[in-house]
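Summarising the annotation, TrEMBL assigns Zn(2+) binding site to HIS69, HIS71, HIS226, ASP300. Annotated Fe(3+) binding site per TrEMBL: HIS69, HIS71, HIS226, ASP300, in sequence order. According to TrEMBL, the 4-imidazolone-5-propanoate binding site annotation covers ARG78, TYR136, HIS163, GLN229, SER305. TrEMBL lists TYR136, ASN302, GLY304 with the feature N-formimidoyl-L-glutamate binding site. Marked as domain 'Amidohydrolase-related' by TrEMBL: 61-386.
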Amino acid sequence: MATAITDIGTLLTCDPSLGEGPGGVLRDAAVVIDGGRVAWVGSTAAVPAADDAYSARGRALLPGFVDSHAHLVFAGDRTAEFQARMSGRRYSAGGIRTTVAATREATDEALEANVARFVGEALRQGTTTIETKSGYGLTVPDEARALRIAARHTPEVTYLGAHVVAPEYADDPDGYVELVTGPMLDACAPHARWVDAFCERGAFDADQARAVLTAGAARGLVPRVHANQLGPGPGVRLAVELGAASADHCTHLSGADVDALAGGDTVATLLPGVEFSTRSPYPDARRLLDAGVTVALASDCNPGSSFTSSMPFCVALAVREMGMTPDEAVVAATRGGALALRRPDVGRIAPGSRADLVLLDAPSHVHLAYRPGVPLVAAVWRGGVVVHPAGE
Ligand code: NIG
Ligand code: FE
């Protein structure tokens, strides 16, 4: 059953071979979807016959957002910590332990309901692929439980036993690394695709993070790294050294870090919701793009440093605060996220790609930055099926 979506005012394909500029933009365009995939892309005037037709009435169509970095398996919130920050307190990684305590106490049902709620919230804002991590359990059963729950909602599941040192090991961080690379990895590897470590002062140093990431890689998990968030450090270079899919945060970069990223395949994933919610300086996306680094944008949705699931909000911040053009930001939030998750099937609208589409109540994707905070997502297709608004 083929459906033709016609009269698309601006089609952002995110495939430069299909249209203008880095976003591969087409005007007065049409897309045919068939069997959950994109079958054809071109102009409305040339659209082939299909079983069904849907007029976009001049509005914009873009790929579903690919949010390649989120922490959705948790309980509780950290409103008080946010309020304290907004009265001048600094963000520190230590707040993670507050969420660890609440998460350990929560029932499976409560955690599952939270994940479902955030995935649904993200979907209504155009996110059709989302990654999520463990990291608020920090015991063998709690980490494995988080991954089992996450895997029921997305295939992009990341083992983050190395989020911070578990409170029980406060005096023995190396003992905790042995747990994370031993019994915890045994219990978690079957449920995850990725392994991550928070390489930062107050969390894990380069040797500890390397031990965790290489142990995960030996079990078939692909590394990604929380790197250079709170200050300069070795995380980005470690990510490139290990061939990680992504180095995430990249807020405090040296020239050597930028050169390393430019010389490797590791995507730089920027998380501007964090700088917004922690009142910190934003990463310099322009510097990375000008050096030829592949940049992704993601939400980092978590209760501490960035409690937003909104990719449109991240796009608006990236344009206003990080030197990205609207095209670059939307491409980073779609195609960039797909590259960070090594998912060639999503993040663009091209023949053969999954029919994950977002229709905006706006004539172009530029409105995502031009009209910040406005709910512009009119409809979302995932795998060719309309999933928002419900019942369509
Ligand atoms: O990506 N940086 C480490 N982890 C999260 C924050 C988690 C928290 O504060 O609960 C992040 O920002
Ligand atoms: Fe994170």
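All residue numbers here begin at 1 and follow the chain in the order shown.
The backbone N, Cα and C atoms fix where each Cβ goes, and this holds for glycine too.
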Within the predicted model, mean pLDDT of the domain 'Amidohydrolase-related' (61-386): 97
Binding-site residues near TYR136 (4-imidazolone-5-propanoate binding site) (Cα-Cα within 10 Å), from HIS71, HIS226, ASP300: HIS71
Local Cβ density at GLY304 (N-formimidoyl-L-glutamate binding site) - other Cβ atoms counted within 10 Å: 25
Residue among binding-site residues HIS69, HIS71, HIS226, ASN302, GLY304 with Cα closest to the Cα of ARG78 (4-imidazolone-5-propanoate binding site): GLY304
Max pairwise CA distance, angstrom, over record-listed 4-imidazolone-5-propanoate binders ARG78, TYR136, HIS163, GLN229, SER305: 19
Residues near HIS226 (Zn(2+) binding site) in space but at least six apart in sequence (CB under 8 A): ASP196, ALA197, PHE198, CYS199, GLU200, ALA203, GLY235, ASP248, HIS249
HIS163 (4-imidazolone-5-propanoate binding site) CB neighbourhood, other CB atoms within 10 A: 27
